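Visitor: This is the structure I want to talk about, given as structure tokens.
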């Protein structure tokens with residue numbers, strides 16, 4: 001996993017609530033057996049017509065917008081547990097998603113992919129959406145060690161929450177496998193003490 | 001402090017805690033072809049073995065065709081993914097009930113029917129509908145592929161404890177209201193993110209009265225309101241279902257298991273972080289009109305006219321996609337497809353419900369009706385009971401088992417613009433194929449819709 005420390009970039013607005021993982025990456029594109037290449041089909045049916053022509057009115061096809069942050073409506077990533085959704089966003093160049101609410105499994109998958117799910121209040125999200133829609137050149141600065149989202153145009157820094165362990169993992173590019181494999185002795189010891197083993 | 005059912009099982013599986021995070025031991029790890037290949041590769045890349053391969057079980061379900069399963073899979077990418085599962089299971093020595101095996105089927109159908117799913121367990125799978133297994137009083141939830149690799153490497157996950165929610169449904173269900181109507185009703189009240197961050201326990205007399213199949217249908221859809229999982233305290237109905245199944249404990253071990261399982265319930269004075277009460281008498285046969293499972297109404301209800309301002313865009317997009325208008329009734333709308341299947345409703349009880357209604361009737365000409373059993377065993381049972389003939393005479397096509405048109409990874413797709421009344425769990429845009437319009441409902445509603453060819457108030461069609 002790549003290290004994440006400070007991200008300075010513009011953002012792409014997608015002010016739709018309850019964006020499910022079937023929209024992020026439709027099931028028919030889940031047939032690959034590697035992690036790479038899912039970005040090509042990110043938001044496939046919102047981004048392209050059935051003939052494969054880009055839909056001009058979709059934010060990712062709009063030349064006004066660009067950047068490595070996706071600004072999305074509440075309850076982002078609901079539905080299927082497919083980690084491919086996080087892979088697709090990351091593969092397409094996104095390093096963070098800002099929303100006012102993330103579905104649980106997506107949040108975990110994003111953190112395991114090195115994609116930061118950055119949660120802000122409904123009010124801040126709306127202000128960010130308005131700001132970026134009015135001025136797509138607006139830069140956002142995510143400082144992970146400090147856990148702040150700064151909007152230089154506002155002269156304002158907003159604190160965001162993140163589990164301290166997950167924060168360390170992202171900053172250093174560590175994942176849970178290393179951690180868990182190092183617990184093998186404790187796990188094996190636990191197995192011998194179980195009152196009822198299946 | 002008095003413990004909830006969830007607390008009891010969680011505490012029994014915590015190996016170690018670090019602050020808010022715990023190393024939680026996983027009893028059973030189910031895998032399938034779509035979310036496992038990258039996890040196997042991860043292990044290979046790191047030179048790690050499977051930590052407890054005997055606690056894993058694999059099946060092929062998401063990608064498999066539902067016709068001619070004895071022939072090689074035609075679609076090259078699906079074939080390669082299913083073959084990859086077989087190769088990985090051989091290489092890592094994991095038990096596989098693959099295509100053609102008498103125990104093959106949808107992962108959440110075969111776990112319970114083989115008796116692999118038992119009360120008090122922790123069960124995970126790289127699939128959000130793993131919540132199904134909670135019907136047995138287990139902590140069961142879906143995980144991403146990175147976590148699949150973690151469980152492969154350590155039989156554990158590093159996770160924080162979710163909050164606990166209890167949803168109580170008391171009273172007697174109306175005629176024509178079946179298990180599927182419960183989650184469709186509850187989610188229409190709570191919304192698709194209403195239980196995010198929570199693990200749900202379902203309780204109350206209406207829940208107690210459900211069969212195991214019905215309980216699985218309910219727990220299956222817990223994820224559709226954002227919950228990590230759903231569960232129901234095990235009781236005599238649970239024990240009777242598990243007893244005698246191939247993986248169930250036997251003899252003295254059965255007695256030991258039973259004694260432990262009888263301790264698995266929420267203490268009377270246990271407290272929950274959130275609690276909802278519903279009256280069974282308020283629930284009527286349900287159907288969805290929009291593009292998330294929370295957009296549901298009673299069959300004879302009306303599509304809402306007002307939503308919160310932040311939801312306005314999603315709501316408009318959704319109705320536009322579905323071709324419906326605010327305030328409209330769905331009664332009388334013509335339907336093109338009926339799909340009966342998926343991990344929500346493809347068990348033998350579901351097939352019996354459909355067969356019993358359509359016996360001696362015929363599907364409407366404008367409808368294509370497909371029934372995909374959840375497993376090879378369900379298919380064989382249906383044939384043994386003669387349901388295949390009843391269904392065939394009614395013009396329903398009984399296919400071979402798999403996930404099929406629930407997510408349309410195989411060739412079972414609903415064409416763009418067509419309306420499908422489906423017993424599956426998700427009505428997201430394009431879920432059943434690009435442009436497909438899905439209306440979620442129970443098997444009984446689906447059967448009656450297939451015969452009538454349009455959406456009707458089913459209460460007038462019941463004997």
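Note: Cβ is positioned from N, Cα and C throughout, glycine not excepted.
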Visitor: Given that TrEMBL annotates B:403, B:406 as [4Fe-4S] cluster-binding, name the residue from B:343, B:420 that shares the site.
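Guide: According to TrEMBL, the candidate sharing the [4Fe-4S] cluster site with B:403, B:406 is B:343.
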Visitor: Around residue B:406 ([4Fe-4S] cluster binding site), how many other CB atoms lie within 10 A of its CB?
Guide: 28
Visitor: If we count other C-beta atoms within 10 Å, could you say which of the binding-site residues B:343, B:403 has the fewest?
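Guide: Checked B:343, B:403; of these binding-site residues, fewest Cβ neighbours within 10 Å: B:343.
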Visitor: Quick check: with B:343, B:403, B:406 left out, which same-chain residues have Cβ atoms within 8 Å of the centroid of the [4Fe-4S] cluster site Cβ atoms?
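Guide: Other same-chain residues near the [4Fe-4S] cluster site: B:61, B:62, B:106, B:108, B:129, B:341, B:342, B:344, B:346, B:402, B:404, B:407, B:424, B:425.
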Visitor: Should residue B:343 ([4Fe-4S] cluster binding site) be counted as helix, strand, or coil on the basis of DSSP?
Guide: coil
Visitor: Where does residue B:406 ([4Fe-4S] cluster binding site) sit in DSSP terms: helix, strand, or coil?
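Guide: SS state of residue B:406 ([4Fe-4S] cluster binding site) = helix.
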